[in-house]
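Novice: There's a structure below that I have some questions on.
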Amino acid sequence: MSSVAVSNKKGFGATLWDYLTTVDHKKLGVMYLFAGTLFFAIAGFEALLMRIQLMIPNNDFVSAGTFNELLTMHGTTMLFLAATPLLFGFMNAIVPLQIGARDVAFPFLNSLGFWLFFLGAIFLHLSFFLGGAPDAGWTNYASLALYSPGHGIDFYVLGLQISGAGTLISGINFIVTIITMRAPGMTFMRMPLFTWTTLISSTLILFAFPPLTVGLFFMLVDRMFGANFFDHTMGGNTIIWEHLFWIFGHPEVYILVLPAFGLFSEIIPVFARKRLFGYSSMVFATILIGFLGFMVWAHHMFTTGLGATANAIFAVATMAIAVPTGMKVFNWIMTIWGGSVKVTVPMLYALGFIPSFVAGGVTGVMQAAAPLDYQLHDSYFIVAHFHYVIVGGIVTAIFGSMHFYWPIMFNRALNEKLGVLTFWIFFIGFHLTFFLQHFLGLMGMPRRVFTFQADQGWDLFNFISSIGAIMMAIGVVLLVINIIITAKSKPLNCRDYWGDGRSLEWAIKTPVPFYNFKQTPLIRGFDPYWLEKHDGNKEGMIYAEPLGDIHMPNNSILPLVMSIGTFIAAFGALYHPDGVAWSIPVIIIGLGITVASMILRSVKDDLGYHVHVEEVIATEEHLYGKGGNK
Amino acid sequence: MEHTKFTPQTWPDKAEQATMEGRNKFVGIWIFICSDITLFASVFATYLSLKDKGPAGMEFSAAELFELPLAFVMTMLLLTSSLTSVYAMYHLKNHNFKGVQIWMSITVLLGLGFLALEIYEFYHYVHIGFGYTQSAFSSAFFTLVGTHGLHVVIGLVWIVCLIVRNAKRGLNLYNAPKYYAASIFWHFIDVVWVFIFTVVYLMGVLG
């Protein structure tokens, strides 16, 4: 183990093996980021195909059946397999640095969470090649999904079951990390906002994913093993799916948007060059949004017929969420207000985010009024609303943070000029696509239709919307080009790339050594790096311990093996309803592999290893040169 | 830390949280239980909404199907096993490894007894025609009680692995948190059963 730290030239096989077995939060963060980008591109391509189909009336670019598969896979992939892993990428890469930790609490589980997510995602996407993708919408309502022919829905259920388990595991890991692994002095009320939102959104994962697991399990046994949860002729009830799905589905929105809020709360103070306005109220608002997020799921079901009383309660609870969210928006504005603003690419995304997200929030409050929702339900107004929230809130956060954190994650900076161009093309394309969809909805165009008749007043708006979608696609291609160009650029080897970093992650020099901080830092207050800079501390931090041996976790291939086991078992379950003889044996073999690896993990001691002081010094000299001046 | 030998005098007060790994495991198992509670809550809610629901003219109902004597014996076995795992933790605190192993083994035996009765109960229901696919009620019942049964199996495999793996090397700061986490998980299984006993069997018999 000792030579790993210093040697940096490795063959392809060794590098691959390193990534397959790694438990390093920084490498897993990079893997999450690239896996998320891959699925983001796939789902974006699906969206583009849909917009081309809807560009002109009576189009026959794709068939109605294909359109259903596209809209289902677009929604499912974007939420579960693109936005979630992209945010997990930042959480993994940044949160341990922000709290001054060596790694996450359970590095092994971190790796397991990634591989479960990734293999679940691959499994879901195999559906395209094995008889058709799921086609019942990302909400997969049981009354529709139960009777969908072929294996599409089975892929959805099993793929999400596997990747959902990975997400839950990662969520638990982040909670424990933030509770137990904070550096001395890093009290809860000194934690950066991104760490706070990671904590709260992980807590939401903790309570939101089990209902989804249960719902997916019901769907699985109903479709594949003859159970009757949703079959009304056998006493079942399809509304149970709607409840379970939305008890998960609404918090899922906050699971994604809270870390996005956190990222902007990091970006804005750095470039406004002011302390974050109203830190405690930001924390309070985050917790309140997380809490209220669980009280509002039935606002997706106003038209299901729960009755006036239930609708009224959920309507009021939904409107209440606007209060803490509004607090956040005003705090961001007050942070910018009077600041000496430096408009870099991340700041551009932040400035674009505020009005876009507010627009999405306001239409959300409109829909919270249950009587109005009867008009808006299942129309393009809804599509416009949630894309304003998701693209305007989450995607801008992800793109902005890519620029913001690229120096820490890759020791290189994304190109600013290309970044500005990307921002404008993407941002204008985004508003072009979705702004007019509000009006399409109000004019009565239903969502999830594969074509429409001409001369209903919808033609022009749909055409413009499709042009906007093409612009968004160009923006994403430019971002990918930027990433490729940057990969060939010179390494930065610097600290605090933006010059105005405030929290602890900026105090560490890039490239970040595999053990993070050579000594655990001592935190003296909120914005610790800014405090130290202010006091003229050249090193950027003071330390809580002398330089000593560092304890690190061992790499392991077992997380991948466990995930492959569930992947194999899923194939057995998938083909069970076809009556093939091998389905049950395959399930047993797959789960056997998983259980055997778990037992192996349990009985084999994994004590980690120590990096000795001399190796730490050698590594630091290798990375930064003697005296830190490379 | 694996090789440090302890005596009851040098054994730390909260051995399960004496190391950072131990503290992480301790917090982690509690956080995991939070999510497991949500999982069971979802299944309970589904069971309550599908209780006695089935195809027209279904002959099975909770009031006729469930019998309290068997459920009572199962409850007693599981509650006692929770108590014996507390004894094991008592010995863990005093660094008495033999006591830990013996009481954990008794816990496993009681758990196996519970599991045997549950298998018998399921076999009996399937035998009289109340199979998993018979109705929404049967699906919900078997899923709820079966999910708990699966947790019992996982708990038993876990504890047996711990007993066998550590038989020769005694108690140290590396395996103490593992025993402790397994015991917390076992208590949780027990608490869930109390709710199953109440919601499924007691409320079922009352109609």
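Just so you know, glycine gets a Cβ as well, placed from its N, Cα and C.
Remember, TrEMBL labels are computer predictions, not curated facts.
Heads up, here are the entries from TrEMBL:
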- A:11-524: domain 'Cytochrome oxidase subunit I profile' (DOMAIN)
- A:30-50: transmembrane segment (TRANSMEM)
- A:70-91: transmembrane segment (TRANSMEM)
- A:112-133: transmembrane segment (TRANSMEM)
- A:153-181: transmembrane segment (TRANSMEM)
- A:193-220: transmembrane segment (TRANSMEM)
- A:240-264: transmembrane segment (TRANSMEM)
- A:276-298: transmembrane segment (TRANSMEM)
- A:348-370: transmembrane segment (TRANSMEM)
- A:382-406: transmembrane segment (TRANSMEM)
- A:418-440: transmembrane segment (TRANSMEM)
- A:557-575: transmembrane segment (TRANSMEM)
- A:581-600: transmembrane segment (TRANSMEM)
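For each feature listed, report its degree of burial, its nearest neighbours and the pertinent distances within the displayed model.
Specialist: Across the domain 'Cytochrome oxidase subunit I profile' (A:11-524), the prediction's mean pLDDT works out to 95.
Sequence-distant contacts of the transmembrane segment (A:30-50) (same chain, at least 6 residues past either end, Cβ-Cβ under 8 Å): 19, 61-62, 67, 70-71, 73-74, 77-78, 81-86, 88-90, 92-93, 114, 117-118, 121, 125, 402, 409-410, 469-470, 472-473, 476, 480.
For the transmembrane segment (A:70-91), same-chain residues at least 6 beyond its ends with a Cβ under 8 Å from one of its own Cβ atoms are 29-33, 35-37, 39-40, 42-43, 46-47, 49-50, 62, 117, 121, 124-125, 128, 133-140, 152, 156, 160, 163-164, 167, 170, 174, 194, 198, 201, 252, 255-256, 259-260, 263, 390, 394-395, 398, 401, 405, 448.
Residues 189, 193, 196-197, 200-201, 203-204, 207-208, 243, 246-247, 249-251, 253-254, 258, 261-262, 265, 268-269, 304, 306, 310-311, 314, 317-318, 320-321, 323-325, 327-328, 330-332, 334-335, 337, 526 of the same chain lie 6+ residues outside the transmembrane segment (A:276-298) yet bring a C-beta within less than 8 angstroms of a C-beta in it.
Only residues 6 or more beyond the boundaries of the transmembrane segment (A:348-370), in the same chain, are considered here, and those with a CB under 8 A from a CB of the stretch are 264, 267-268, 271, 299, 302, 311-312, 314-315, 318-319, 322, 325, 329, 332-333, 336, 376, 381-382, 384-389, 391-393, 396-397, 399-400, 403, 419-420, 423, 427, 430-431, 438.
Long-range contacts of the transmembrane segment (A:382-406) within the same chain, counting only residues at least 6 positions beyond its ends with a Cβ under 8 Å from a Cβ of the stretch, are 33, 78-79, 83, 86-87, 90, 93-94, 253, 256-257, 259-261, 263-264, 266-267, 270, 344-350, 352-353, 356-357, 359-361, 363-364, 367, 376, 412-414, 416, 419, 422-423, 426-427, 430, 433-435, 437-438, 440-441, 447, 479, 483, 486, 498.
Using a Cβ-Cβ cut-off under 8 Å and counting only residues 6 or more beyond its ends in the same chain, the transmembrane segment (A:418-440) has close neighbours at 51, 345, 348-349, 352, 356, 363, 379-381, 383-385, 387-388, 391-392, 396, 399, 403, 458, 461-462, 464-476, 478-479, 481-482, 485.
Residues 558, 561-562, 564-573, 575 of the same chain, all 6+ positions outside the transmembrane segment (A:581-600), place their C-beta atoms under 8 angstroms from a C-beta of that stretch.
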Novice: Does the transmembrane segment (A:153-181) make contact with the transmembrane segment (A:557-575) through 3 or more Cβ pairs under 8 Å, each pair 6 or more apart in sequence?
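Specialist: Taking Cβ pairs at least 6 residues apart, the transmembrane segment (A:557-575) and the transmembrane segment (A:153-181) are in contact, with 3 or more under 8 Å.
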Novice: How about the transmembrane segment (A:112-133) with the transmembrane segment (A:557-575) - do they touch, taking at least 3 C-beta pairs under 8 Å (6 or more apart in sequence) as contact?
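Specialist: Counting Cβ pairs under 8 Å (6 or more apart in sequence), the transmembrane segment (A:112-133) reaches the transmembrane segment (A:557-575), since there are 3 or more.
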